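If you check Swiss-Prot, you get these features:
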- CYS37, CYS38, CYS103, CYS132: [4Fe-4S] cluster binding site (BINDING)
Amino acid sequence: MGIEEKAPSGFMLAKVSDLVGLIRKSSLWPVTMGLACCAIEMMATGTPRFDISRFGMEVFRASPRQADLMIVSGRVSQKMAPVVRQVYDQMSEPKWVLSMGVCASSGGMFNNYAVVQGVDHILPVDIYLPGCPPRPEMLLNAILELHEQIRSEPLGANRAEAARAVEAAALRATPTHEMTGLLA
């Protein structure tokens, strides 16, 4: 005998945060940040065979001001790192980052001075997608995982402050190339 039985038909009971999360996850606009081979697989995700538009991501944005998801696909060189950070800073809040491929996540086979050993050195990363290169199906799965993160994100007056704290903590964290015992 709860309120659900007493509500007239046509009414839905939900929290505002649940509705906002549902709307946000269904309207991600990714910015193009294809830097190497993984970009080919990212482009393939937009083709009719994989159809990323069924998740509300019809068009990859060329302007960071119109995007809220950055998919970093491929290695990031030291010269490109400030540009990647500038594009991230120009994106509107709330914003998310997906690191696509082993090169973006940890530098991959390019273990030298010219390549950033993981994009997490310059950006807070929400989802790491392994593979060289990862298949479009894996990218779609990572996007679905990100959807779940977005849907369950809290709302409130201090949301921007909390986001800055999370970003600062992510940038202070131990980089993946310095971690030991991950495979043991």
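Heads up, the Cβ atoms here are built off N, Cα and C, so glycines get one too.
Quantities reported herein were computed from a predicted structural model and do not represent experimental measurements.
Note: CYS132 ([4Fe-4S] cluster binding site) has non-local neighbours CYS37, GLY101, VAL102, CYS103, GLY108, i.e. same-chain residues 6+ apart with C-beta under 8 A of its own C-beta. Just so you know, of the binding-site residues CYS37, CYS38, CYS103, the Cβ with the fewest other Cβ atoms around it within 10 Å is the one at CYS37.
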